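According to TrEMBL, the transmembrane segment annotation covers A:6-29, A:41-59, A:65-85, A:94-112, A:143-161, A:192-214, A:220-236, A:243-263, A:269-288.
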Amino acid sequence: MSDAIFMVLMAMLGGAIRVSTPFLLVALGETLTEKSGRINLGLEGNLVLGAMIAYATSYSTGSPWLGVLAAGLAGMVLSAGHGWICKLPKVNDIAVGIAFMNLGTGLAFFFGKPFIQPTAPRLDAIALGAWSSNPQVQQALKVNPLFFVGLGLAVLLWWMLKNTRWGLIIRMTGDSAASARAMGVSVDRVRLLATSAGGFFAGIGGAFLSLYYPGSWSESLSSGQGLMAVALVIFARWNPIRCVWAALLFGASGALGPALQSIGFSKGYYFFNAAPYILTLVIMVLSARSQKAAHEAPGELSIVK
Amino acid sequence: MTMTSLSRRSLLKSGAAALAASALPLGAARAQDGITIGAIYVGPRDDFGWNQSHAAAMDILREVPGVSVVEEENVPETDAVAKSMESMINLDGANLILATSFGYYNPFVLDVAAKYPEVQLRHCAPLWNPDTDPKNAGSYFSYLNQAHYVNGVAAGLSSASGKLGFIAAKPVQTVLSNCNSFLLGARSVNPNATVQVIFTGSWSMPVREAEATNALIDADCDVISCHVDSPKVVIETAEARGVKSCGHNADQRALAPNGFITGAESKWSTTYKIYAEALMSGETVPNLIAGGYHNDMVMNTPFGAGATPEAITAAGAAIEALKGGKPIYVGPLKDNTGKLVIEGEMDNYAPELEKMNYLLDGVIGSTT
């Protein structure tokens with residue numbers, strides 16, 4: 001029995017590391033965007049478009065890292081579109097976000113057709129489990145560099161928002177556009193830049209999906225991960241460090257269903273497979289009830305105002 | 001009042017006359033020009049899975065003289081499929097439409113069949129009811145479990161541990177039958193073989209399929225097979241982890257150059273050629289075509305590097321036996337809760353097998 005528990009725990013650890021990276025990158029991108037006072041629901045589109053562009057670039061050039069860069073750029077362009085349209089008067093950022101989600105996935109499906117079949121070079125993992133003789137531990141600790149990119153980015157964002165002049169400007173635009181204007185800051189330009197940078201991160205999240213795990217381009221690749229990551233941001237209360245924990249929790253809960261079945265605990269797999277979604281709902285209910293969450297939300301967000 | 005009723009009547013008259021005049025020569029012209037066959041897929045045609053298996057057969061049909069092929073991909077199981085079918089009929093002049101996804105049938109194929117009685121519609125699942133459904137509709141399907149049985153034979157002799165893994169989408173009869181046949185194939189060569197199954201709950205969910213593959217390999221399975229819409233992720237993940245794999249639906253050999261054993265494929269081209277020949281010669285297009293190895297409707301992917309020489313020999317013998325009608329399900333067989341489910345010998349096409357809702361003893365997993 002303790003063996004079985006160990007297996008499930010290892011699988012959840014492995015799952016947390018394997019599956020969390022796209023959640024983390026999208027959540028960080030959304031955090032940055034929302035900190036500047038806009039909601040970009042279109043990051044699911046960035047994720048899918050990034051996945052396709054990364055796979056196509058890696059296949060065409062033979063370099064997966066070039067694919068990662070291309071995915072980021074594609075995500076940046078897409079989100080810059082969102083940022084640009086939202087600065088026009090009387091535009092609702094949520095509606096534009098939904099439009100961009102469909103645009104991103106639509107573009108990816110349209111241009112991605114020729115890349116479903118071929119196999120592109122993928123990103124390598126770093127084997128951190130070499131110290132252990134247990135193959136399961138070794139497997140769980142095979143970590144993709146992008147995971148560390150995500151971790152580093154989370155710390156950097158947290159520090160930047162808290163301690164730098166840029167961070168202050170972004171937070172100010174997000175909390176009170178009027179104050180920012182009084183300070184002589186161009187609110188629209190800050191939001192455009194923050195949204196674009198957020199789109200870049202989400203695009204890289206897509207590259208992780210197609211170039212590492214599960215590691216191929218198909219149209220059902222994301223299955224809504226970009227949308228769930230947006231929900232994660234509220235759970236993480238716009239704090240990049242808490243985004244890391246939230247993403248890890250989601251990854252682990254996603255691994256729960258298959259891991260329990262693999263040790264023979266197979267009754268009720270529909271319930272366990274739904275764990276990440278149930279978790280999203282529970283989290284949303286809990287965090288929406290919390291007064292503190294409302295307090296921490298950037299004041300300029302259209303859902304808060 | 002008189003005016004309107006007169007003009008309506010004359011309009012109807014002249015309209016009917018025009019229709020009658022145009023329909024006959026048009027029909028004759030079509031028969032001379034050759035035939036058009038349309039296929040509708042629920043996903044991309046090159047998905048390494050279900051849609052590709054149909055698209056590959058359509059490519060073979062394309063080469064047949066006198067046949068032109070129209071295809072549409074990514075058609076959801078909604079009103080969209082009815083529109084696709086009507087546009088194939090009205091714009092492309094399709095004589096026969098192949099609706100390849102389960103949810104297309106009711107009500108879309110039925111409605112379009114009733115609306116266009118001169119067009120033939122065939123749907124890929126055993127749903128057509130000869131008593132109630134339109135005579136220009138019909139069903140075709142294959143007993144892919146026979147090819148999964150051969151997969152099992154080859155897997156049983158290519159596995160070191162005798163522990164096989166199976167990633168299943170949903171616990172429906174076809175999936176369960178494929179999984180059970182995979183086990184029986186493996187047990188026919190290794191009585192101690194087991195099959196561990198993980199249900200993902202969804203026909204296409206790449207991240208969870210990759211997770212399930214990893215979980216099975218962590219549980220010491222050294223051959224992985226599956227029944228999901230697109231097995232690409234499963235086969236590639238198994239290959240990356242250095243274990244062997246058996247395919248499903250389409251030819252996935254290229255995805256696993258080291259570990260691929262063989263795969264279960266439907267040979268839809270057999271059915272499609274029968275349809276095309278019937279249409280071209282003006283005969284009745286059969287309403288129902290079903291079968292397995294005995295009538296060339298399933299096949300196994302050519303062996304990959306993962307298959308041992310013994311596996312290749314035994315799998316070849318198993319195929320010959322199935323062609324000769326050797327039964328797969330030979331009782332007494334218990335399910336994995338200990339209940340006796342099959343007593344005697346079952347014909348491979350026995351209707352009792354259509355009601356399969358259990359996993360056999362030797363399959364680790366549960367359907368709920």
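In case you wondered, yes, glycine gets a Cβ from its N, Cα and C as well.
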Top partner of the transmembrane segment (A:192-214) among A:65-85, A:94-112, A:220-236, A:243-263, A:269-288 - counted as Cβ pairs under 8 Å: A:65-85
Closest-packing stretch to the transmembrane segment (A:94-112), where packing means Cβ pairs under 8 Å, from A:41-59, A:220-236, A:269-288: A:41-59
Surrounding residues of the transmembrane segment (A:243-263) on its own chain - C-beta under 8 Å, 6+ positions past either end: 4, 7-8, 11-21, 23-24, 27-28, 31, 150-151, 154, 228-229, 232-233, 235-236, 269, 272-273, 275-276, 279
Contact call for the transmembrane segment (A:6-29) against the transmembrane segment (A:220-236), three or more Cβ pairs under 8 Å: yes
